[in-house]
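Swiss-Prot lists Q163, K338, R367, S368, K389 with the feature (2R)-2-phosphoglycerate binding site. According to Swiss-Prot, the feature active site, proton donor maps to E205, an assignment based on sequence analysis. What Swiss-Prot lists as Mg(2+) binding site is D242, E286, D313. If you look up Swiss-Prot, you'll see K338 marked as active site, proton acceptor, on the strength of sequence analysis.
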Amino acid sequence: MASIVAVSAREILDSRGNPTVEVDVVLETGAAGRAAVPSGASTGEREAVELRDGDPARYGGKGVLNAVNNVNTEIAEALEDMDATDQIAVDRALLDLDGTENKGRLGANAMLGVSMAVARAAAFEVGLPLYRYLGGPMARTLPVPMMNILNGGAHATNTVDFQEFMIIPVGADSFADGLRMGTQVFHQLKKVLVSRKLSTGVGDEGGFAPNLASDEEALKVIIEAIEAAGFRPGQDIALALDVAASELFQNGQYHFKKSGAPSRSPKDMAEMYAGWLEQYPIVSIEDGMSENDWDGWKLLTEKIGDRCQLVGDDLFCTNSEILAKGIENDVANAILIKVNQIGTLTETFEAIELARSAGYNSVISHRSGETEDTFIADLAVATQAGQIKTGAPSRSDRVAKYNQLLRIEEQLEGYAEYPGGAIFGI
């Protein structure tokens with residue numbers, strides 16, 4: 001048995017310079033695993049609790065020493081001598097120890113760090129790559145990257161309301177080819193912005209963060225960059241949006257405070273998206289309505305759900321119970337998977353399996369506050385989700401995931417599959 005003999009944690013910094021939790025797990029054989037926990041900027045109300053210290057004298061109250069202490073004491077004691085290869089039992093022990101619905105006692109950041117580090121240690125123990133250990137022998141589907149090359153919303157201090165404008169290399173033959181295509185468009189976008197005397201500073205996720213006249217203007221400059229790179233919009237490169245509409249929703253209306261655009265009703269929003277689908281090669285819209293606007297979500301799904309992937313992020317929070325409600329009510333048709341929204345790997349896999357059984361797509365995702373940890377790259381292949389969001393091909397915290405996927409594709413040699421546009425029905 002691969003018994004756990006040591007569990008320890010420390011406070012490290014994420015890509016925004018905020019503290020986060022890193023965990024080490026050591027087994028009796030000497031096998032070890034390490035994992036670092038990401039953190040979001042725009043967070044859903046129903047996400048598991050990220051435990052912060054609240055001491056204004058340290059990191060503006062964002063320290064995580066209490067979460068670290070929970071790992072080093074209660075959690076370490078509870079997991080001693082447990083079998084690291086029994087992930088479900090380990091995660092169940094964590095859930096039982098916390099004893100709350102939202103993981104507010106121990107902290108989802110403490111629990112997730114342990115859950116991921118245990119999986120890494122177990123993979124090392126049995127001599128398998130992490131993606132193979134988690135996914136089994138059939139794990140060979142590389143994800144199509146959704147590359148956030150223009151940032152707005154809570155991820156940037158500009159005049160763009162929508163949080164992410166992404167490009168998707170649907171016409172690529174492999175992950176490596178898709179990454180190349182997306183990167184070439186990213187560099188062309190910089191040239192387009194320079195030609196317009198716009199800022200080429202980047203946001204939290206590595207995408208450019210210029211001040212633009214409107215959210216639609218972002219689509220136009222990206223189309224220009226795609227064509228300048230020698231690609232065909234819609235055939236080679238498609239578009240995706242993360243509206244993060246919960247950040248815009250107040251008193252039944254969507255307010256565009258950054259750009260100063262007129263407020264819109266849920267019906268207006270749905271009609272706007274439908275119009276954009278006619279004008280631009282958009283194949284995916286994430287959080288197009290607020291997490292608290294289920295009627296708006298229903299309207300949106302009925303209006304464009306047959307021809308566009310509609311992803312619930314804040315809506316579902318990687319939570320199987322909330323996802324089940326969405327499935328029952330025919331709301332959205334895909335779920336964003338963020339491991340720190342739910343707090344354990346077991347619950348993450350449960351959400352993915354529920355989505356798959358209902359015909360919903362899953363998109364594995366980073367957070368805006370990331371680390372150099374590449375766990376989600378392996379997770380994307382292990383679950384055969386077929387899609388990943390991990391930012392622009394810029395900033396080491398984002399590129400680390402892309403580079404890990406390149407390594408995995410190389411390891412799989414001729415067995416790797418890249419779904420391309422097929423995952424969107426194109």
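Residue 1 is the first one shown; counting continues down the chain.
Note that Cβ sites are derived from N, Cα and C of the backbone, with glycine treated the same way.
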Near the Cβ of E286 (Mg(2+) binding site), how many other Cβ atoms are there if near means within 10 Å?
28
Looking only at Cβ atoms, how many others are within 10 Å of the one on K389 ((2R)-2-phosphoglycerate binding site)?
30
Whole-number Å distance separating the Cα atoms of E205 (active site, proton donor) and S368 ((2R)-2-phosphoglycerate binding site) is 6
Local Cβ density at D313 (Mg(2+) binding site) - other Cβ atoms counted within 10 Å
31
For E205 (active site, proton donor), the number of other Cβ atoms found within 10 Å of its own Cβ
32
Once the chains shown are all counted, how many other Cβ atoms turn up within 10 Å of the Cβ of R367 ((2R)-2-phosphoglycerate binding site)?
28
What is the number of other Cβ atoms found within 10 Å of the Cβ of S368 ((2R)-2-phosphoglycerate binding site)?
26
Please report the DSSP secondary structure of K389 ((2R)-2-phosphoglycerate binding site), reduced to three states.
strand
